[in-house]
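What follows is a single structure, written as structure tokens, with notes after it.
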Amino acid sequence: MKAAFRLLLLLILVLISEVNGQRQKQKPKRKPVRPTPEPVEPTELPPPLPPGPPSVFPDCPRECFCPPDFPSALYCDSRNLRKVPLIPPRIHYLYLQNNFIDSLPEESFKNATELRWVNLDNNRIKKLDRRVMEQMDGLIFLYLEKNQLKEVPSFLPPNLEQLRLSRNLISKIPAGVFNKLEHLVLLDLHHNKLSDGVFNKNTFRGLKNLMQLNLAHNILRKLPPGLPSAVHQLFLDRNNIEDIPDDYFKEFPNLAFLRLNYNQISDKGLPKNSFNLTNLLVLQLAHNKLTNMPFINPKLEHLYLNDNSIERINGTQICPTSLITFQDLSADLENAPRLRYLRLDGNQLKPPIPLDLMMCFRLLQSVVF
């Protein structure tokens with residue numbers, strides 16, 4: 001009896017396993033997953049923003065904004081644009097910064113003859129079309145920072161007053177490119193790839209009224225020749241300048257602000273009267289290789305000498321006027337040196353501040369030592 005029961009149990013187990021196997025064979029097969037289609041837009045660029053609501057101006061491009069209370073302005077900035085839309089003829093102020101524009105088609109600007117201000121910062125522009133530039137006679141401000149220009153554009157509008165070309169790849173300045181820009185007051189070329197060989201005595205010819213010139217953060221080893229004599233503010237920091245020629249800055253009678261931070265200037269490369277300039281108010285020489293405090297003009301007001309290698313200061317030697325005595329401390333301050341701010345931290349000086357230094361520069365309001 002037990003043997004029969006075991007045989008029956010074995011047959012039942014065999015039948016159950018066969019039924020389960022058949023069920024597994026009858027499971028439907030999964031459909032293959034189709035690959036995701038490639039996006040239409042390039043994967044490295046975000047898609048353009050959708051068109052905005054209709055404007056009160058019928059000629060306003062849908063991808064831009066035309067403020068009702070500022071009819072001469074067109075805002076097309078930060079909209080992921082690849083192309084410049086058709087610019088209406090009423091526009092004076094055009095904002096196209098922070099896009100992905102790589103060219104300026106003539107068709108887009110065919111009606112834009114009244115432009116005064118164009119901002120094209122942070123795009124991908126490599127060159128400017130001559131025909132587009134020649135029809136912008138009235139343009140005053142041109143912003144082209146952070147693009148992909150390799151040289152200063154030619155055929156620039158003759159009435160320009162500000163030209164901003166920083167953070168490009170500029171390594172060339174074509175001959176005569178500034179000849180007709182007599183109204184230019186600001187030229188910004190900082191953070192490019194300009195070297196000594198780019199400049200000659202005629203490079204800046206034509207810039208009769210230039211007040212601010214920025215050549216910082218390039219690869220200069222020498223001070224460039226032929227800088228405009230009218231310049232008031234000159235920025236040459238973050239280069240590799242080692243020395244200053246005799247009387248170099250005497251050519252700039254209006255120079256009031258000079259920045260030479262982060263260079264390689266040493267005492268050997270610095271003639272005594274390099275900065276004895278009548279109109280110089282601010283002089284920045286931080287992060288160089290100076291071991292002595294340079295001689296300055298009595299009218300200088302701000303002097304930055306931090307992070308050099310200065311070990312000691314002789315106030316008697318560097319004082320631009322005769323050093324007073326204790327009895328004369330209350331004398332008229334009219335003829336005292338005008339220095340008000342002096343920064344000396346980051347050197348090898350030890351406190352206290354030399355007494356003769358304070359006796360010379362009696363108008364000092366702040367000394368960072």
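Placed from the backbone N, Cα and C atoms, the Cβ positions cover glycine too.
Automated prediction, rather than curation, is the source of TrEMBL annotations.
On a predicted model such as this, the values are computed, not experimentally measured, just so you know.
Summarising the annotation, TrEMBL assigns compositional bias 'Basic residues' to 24-33.
Residues or ranges marked as compositional bias 'Pro residues' by TrEMBL: 34-53.
Residues or ranges marked as domain 'LRRNT' by TrEMBL: 59-93. Secondary structure of the domain 'LRRNT' (59-93) per DSSP, as helix, strand and coil residue counts: 0 helix, 5 strand, 30 coil.
Taken from TrEMBL, the feature region 'Disordered' applies to 23-53.
Marked as signal peptide by TrEMBL: 1-21.
Looking at the domain 'LRRNT' (59-93) alone, the prediction's average pLDDT is 96.
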